[in-house]
Amino acid sequence: MGLLDRLSILLGLKKKEVHVLCLGLDNSGKTTIINKLKPSNAQSQNILPTIGFSIEKFKSSSLSFTVFDMSGQGRYRNLWEHYYKEGQAIIFVIDSSDRLRMVVAKEELDTLLNHPDIKHRRIPILFFANKMDLRDAVTSVKVSQLLCLENIKDKPWHICASDAIKGEGLQEGVDWLQDQIQTVKT
(Lines of atoms letter the chains of each structure in order from A and count residues from 1; the text may use other names and numbers.)
(Lines give C-alpha, C1' and ligand atoms only; values in the text may rest on other atoms or scores of the structure.)
Protein backbone atom coordinates (compact mmCIF):
# COMPACT_ATOMS: atom_id res chain seq x y z
CA MET A 1 0.00 0.00 0.00
CA GLY A 2 1.48 3.31 -1.08
CA LEU A 3 1.71 6.54 0.87
CA LEU A 4 -1.25 8.12 -0.95
CA ASP A 5 -3.41 5.07 -0.23
CA ARG A 6 -2.54 5.22 3.47
CA LEU A 7 -3.18 8.96 3.60
CA SER A 8 -6.55 8.65 1.87
CA ILE A 9 -7.59 5.92 4.34
CA LEU A 10 -6.49 8.07 7.30
CA LEU A 11 -8.45 11.03 5.94
CA GLY A 12 -11.50 8.85 5.37
CA LEU A 13 -11.42 9.35 1.61
CA LYS A 14 -10.86 5.66 0.95
CA LYS A 15 -11.94 2.68 3.03
CA LYS A 16 -9.52 -0.03 4.05
CA GLU A 17 -10.33 -3.27 2.23
CA VAL A 18 -10.52 -6.47 4.27
CA HIS A 19 -11.01 -10.08 3.24
CA VAL A 20 -13.54 -12.01 5.30
CA LEU A 21 -14.35 -15.71 5.10
CA CYS A 22 -18.01 -16.59 5.63
CA LEU A 23 -18.20 -20.21 6.80
CA GLY A 24 -20.76 -22.57 8.25
CA LEU A 25 -22.82 -25.60 7.31
CA ASP A 26 -25.13 -25.58 4.31
CA ASN A 27 -28.51 -23.95 4.88
CA SER A 28 -27.29 -21.96 7.90
CA GLY A 29 -28.02 -18.63 6.22
CA LYS A 30 -24.55 -17.45 5.14
CA THR A 31 -25.59 -16.12 1.74
CA THR A 32 -28.75 -14.51 3.14
CA ILE A 33 -26.68 -12.68 5.78
CA ILE A 34 -24.15 -11.42 3.23
CA ASN A 35 -26.98 -10.37 0.91
CA LYS A 36 -28.69 -8.44 3.70
CA LEU A 37 -25.46 -6.56 4.49
CA LYS A 38 -25.27 -5.17 0.96
CA PRO A 39 -27.06 -1.92 0.05
CA SER A 40 -30.76 -2.55 -0.62
CA ASN A 41 -30.40 -1.74 -4.33
CA ALA A 42 -27.69 -4.43 -4.64
CA GLN A 43 -29.53 -7.18 -2.76
CA SER A 44 -30.67 -10.27 -4.61
CA GLN A 45 -34.32 -11.25 -4.29
CA ASN A 46 -33.65 -14.91 -5.04
CA ILE A 47 -31.11 -16.64 -2.77
CA LEU A 48 -29.79 -19.95 -4.07
CA PRO A 49 -27.47 -22.43 -2.33
CA THR A 50 -23.83 -21.53 -2.93
CA ILE A 51 -21.89 -23.97 -5.09
CA GLY A 52 -18.16 -23.75 -4.34
CA PHE A 53 -17.93 -20.11 -3.30
CA SER A 54 -18.94 -16.64 -4.34
CA ILE A 55 -17.36 -13.27 -3.70
CA GLU A 56 -19.53 -10.45 -2.41
CA LYS A 57 -18.73 -6.90 -1.34
CA PHE A 58 -20.29 -4.51 1.13
CA LYS A 59 -19.13 -1.47 3.09
CA SER A 60 -19.37 -0.38 6.69
CA SER A 61 -18.66 3.09 8.01
CA SER A 62 -14.89 2.68 7.71
CA LEU A 63 -14.15 -0.61 5.92
CA SER A 64 -14.75 -2.15 2.54
CA PHE A 65 -15.47 -5.86 2.98
CA THR A 66 -14.70 -8.50 0.37
CA VAL A 67 -16.49 -11.61 1.59
CA PHE A 68 -15.72 -15.12 0.41
CA ASP A 69 -19.09 -16.83 0.85
CA MET A 70 -18.04 -20.47 1.06
CA SER A 71 -20.43 -23.33 0.39
CA GLY A 72 -21.26 -25.30 3.51
CA GLN A 73 -22.19 -28.48 1.66
CA GLY A 74 -20.07 -31.42 2.81
CA ARG A 75 -18.45 -31.99 -0.57
CA TYR A 76 -17.24 -28.36 -0.75
CA ARG A 77 -15.98 -27.80 2.81
CA ASN A 78 -12.50 -28.99 1.84
CA LEU A 79 -12.23 -25.79 -0.24
CA TRP A 80 -12.36 -23.61 2.88
CA GLU A 81 -8.73 -24.17 3.84
CA HIS A 82 -7.47 -22.80 0.52
CA TYR A 83 -8.69 -19.33 1.59
CA TYR A 84 -7.53 -19.28 5.23
CA LYS A 85 -4.27 -17.42 4.55
CA GLU A 86 -6.08 -14.55 2.82
CA GLY A 87 -8.75 -14.16 5.48
CA GLN A 88 -8.42 -11.26 7.90
CA ALA A 89 -11.60 -12.19 9.76
CA ILE A 90 -14.12 -15.01 9.85
CA ILE A 91 -17.90 -14.98 10.00
CA PHE A 92 -19.14 -18.39 11.14
CA VAL A 93 -22.88 -18.91 10.75
CA ILE A 94 -24.84 -21.49 12.73
CA ASP A 95 -28.45 -22.53 12.20
CA SER A 96 -29.63 -22.19 15.80
CA SER A 97 -32.78 -24.19 15.05
CA ASP A 98 -30.93 -27.30 13.84
CA ARG A 99 -29.78 -29.07 17.01
CA LEU A 100 -28.95 -32.29 15.19
CA ARG A 101 -26.31 -30.61 13.03
CA MET A 102 -24.81 -28.55 15.85
CA VAL A 103 -22.34 -31.42 16.44
CA VAL A 104 -21.20 -31.23 12.80
CA ALA A 105 -20.87 -27.44 13.08
CA LYS A 106 -18.66 -27.91 16.15
CA GLU A 107 -16.49 -30.46 14.32
CA GLU A 108 -16.03 -28.06 11.40
CA LEU A 109 -15.24 -25.20 13.79
CA ASP A 110 -12.65 -27.33 15.61
CA THR A 111 -11.05 -28.30 12.29
CA LEU A 112 -10.91 -24.62 11.31
CA LEU A 113 -9.39 -23.50 14.63
CA ASN A 114 -6.71 -26.21 14.49
CA HIS A 115 -5.65 -25.55 10.90
CA PRO A 116 -2.03 -24.29 10.68
CA ASP A 117 -3.10 -21.19 8.70
CA ILE A 118 -5.54 -20.18 11.48
CA LYS A 119 -4.24 -21.72 14.70
CA HIS A 120 -1.51 -19.21 15.54
CA ARG A 121 -3.27 -16.06 14.31
CA ARG A 122 -5.39 -13.69 16.38
CA ILE A 123 -7.99 -13.61 13.64
CA PRO A 124 -11.35 -12.27 14.86
CA ILE A 125 -14.31 -14.62 14.56
CA LEU A 126 -17.89 -13.40 14.48
CA PHE A 127 -20.50 -16.07 15.14
CA PHE A 128 -24.07 -15.54 13.98
CA ALA A 129 -26.54 -17.81 15.81
CA ASN A 130 -28.95 -17.47 12.92
CA LYS A 131 -32.62 -18.30 12.39
CA MET A 132 -33.63 -17.05 15.82
CA ASP A 133 -37.12 -16.48 14.44
CA LEU A 134 -37.76 -20.22 14.14
CA ARG A 135 -39.69 -22.06 16.84
CA ASP A 136 -36.96 -24.64 17.54
CA ALA A 137 -34.14 -22.09 17.80
CA VAL A 138 -31.90 -22.20 20.86
CA THR A 139 -30.47 -19.01 22.34
CA SER A 140 -27.09 -17.64 21.33
CA VAL A 141 -25.89 -18.51 24.85
CA LYS A 142 -26.89 -22.15 24.26
CA VAL A 143 -25.21 -22.16 20.82
CA SER A 144 -22.07 -20.80 22.49
CA GLN A 145 -22.19 -23.64 25.03
CA LEU A 146 -22.83 -26.33 22.41
CA LEU A 147 -19.87 -25.11 20.33
CA CYS A 148 -17.68 -24.69 23.46
CA LEU A 149 -16.80 -21.14 22.42
CA GLU A 150 -15.51 -20.37 25.91
CA ASN A 151 -12.50 -22.56 25.01
CA ILE A 152 -11.37 -20.09 22.35
CA LYS A 153 -8.78 -18.16 24.33
CA ASP A 154 -6.33 -16.98 21.66
CA LYS A 155 -8.70 -15.21 19.26
CA PRO A 156 -11.23 -12.45 19.76
CA TRP A 157 -14.74 -13.78 19.16
CA HIS A 158 -18.29 -12.59 19.54
CA ILE A 159 -21.66 -14.27 19.06
CA CYS A 160 -24.81 -12.49 17.90
CA ALA A 161 -28.33 -13.82 17.75
CA SER A 162 -29.58 -13.12 14.23
CA ASP A 163 -32.51 -13.36 11.88
CA ALA A 164 -30.96 -12.93 8.45
CA ILE A 165 -34.27 -12.50 6.64
CA LYS A 166 -35.27 -9.52 8.80
CA GLY A 167 -31.67 -8.34 9.22
CA GLU A 168 -31.85 -8.52 13.01
CA GLY A 169 -28.52 -8.78 14.83
CA LEU A 170 -26.44 -8.26 11.70
CA GLN A 171 -25.36 -4.66 12.29
CA GLU A 172 -24.27 -5.45 15.85
CA GLY A 173 -22.03 -8.19 14.49
CA VAL A 174 -20.55 -6.07 11.70
CA ASP A 175 -19.85 -3.23 14.16
CA TRP A 176 -17.98 -5.63 16.44
CA LEU A 177 -16.06 -7.13 13.51
CA GLN A 178 -15.11 -3.69 12.21
CA ASP A 179 -13.75 -2.69 15.64
CA GLN A 180 -11.74 -5.91 15.88
CA ILE A 181 -10.25 -5.63 12.40
CA GLN A 182 -9.12 -2.10 13.12
CA THR A 183 -7.44 -3.08 16.41
CA VAL A 184 -6.22 -6.68 16.01
CA LYS A 185 -3.18 -7.76 14.03
CA THR A 186 -3.78 -11.14 12.39
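Just so you know, glycine gets a Cβ as well, placed from its N, Cα and C.
As written in Swiss-Prot, here are the features:
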- 24-31, T50, 69-73, 130-133, A164: GTP binding site (BINDING)
- T50: Mg(2+) binding site (BINDING)
- G2: N-myristoyl glycine (LIPID)
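Each residue contributes its Cα atom, and for the residue listed as 'Mg(2+) binding site' and G72 (GTP binding site) these two points are 8 Å apart. Look at the Cβ of each of the binding-site residues K30, K131 and count the other Cβ atoms within 10 Å; the largest number goes with K30. Cβ neighbours within 10 Å of N27 (GTP binding site), excluding its own Cβ and spanning all shown chains: 16. Following the DSSP three-state reduction, the secondary structure of N27 (GTP binding site) is coil.
Within 10 Å of the C-beta of D69 (GTP binding site) there are 22 other C-beta atoms, taking all protein chains into account.
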